[in-house]
C-alpha cells in the first residue's frame, strides 16, 4: 500500500477520505495517513477516523508519500499545489472511485486528479493536472479539461468542449456541445452554456449571461 495524505481538512477533504475507503474496499491501494491543513486550530483533531497531522511542516524529511489537494476553489488549489506542495518530496496521486465509467484506452489524464463516484467520462477526453470531478457528472467525447478545473456535482459537459484552466462549473451546469470556457471563469449552479465564454468572467443563468 502507498502512503497518502489529503491536503485540506474541510468537508470535501472528508469526502475524499471516504473515496479512498471505497477504493481500498475494492483494491487495497492506499494507506491514508491523515490530513494536512494550515489552520492550526484543526491540528490534532480526528475527522472520521483520520488525524489532522499538522501543517506542511509535517512533511519535512518525509519521503515516498502521495497527496491530493482537496480544495474546491480552483485558484486556491493551484496556489497551494504550486507554492506549497511542490516544495516537498511528495507525489501527486490520482484517485478514481471504483464506480466511475471511463475509457482507460482512449482518454488521457494528468496527475493529482480526484474523480468522485458515479461519473461517466467517455472517449478521447483529455484531463489535465489536479482536476476535481465531483459526484454524478458526465463528460463527453473529445472534451479537454485543463489544469485545476473544479467540476461540482451533476454537471454535464457535452462533446468537443474546451474548459480552461481554473474554471469552476457550478452544481448542475450543462455545457452544450462545442463550446469553450476561458481560464478562471466561474459558471454558476444550474446554468446552461450555449455559447463560448471568455476567461476571467462570472456567468449564470439559462442560457448563461456574463454578469462580471
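Including glycine, each Cβ sits where the backbone N, Cα and C put it.
Taken from TrEMBL, the feature domain 'PglD N-terminal' covers 3-83. Per TrEMBL, the feature substrate binding site maps to 72. Taken from TrEMBL, the feature active site, proton acceptor covers 141. Look at TrEMBL and you will find 142 tagged as site 'Increases basicity of active site His'.
Features recorded in TrEMBL, as mapped to the structure shown.
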residue	record	contacts (Cβ under 8 Å, 6+ apart)
72	substrate binding site	12, 132, 150, 152, 168
141	active site, proton acceptor	122, 123, 124, 125, 159, 160
142	site 'Increases basicity of active site His'	123, 124, 125, 159, 160
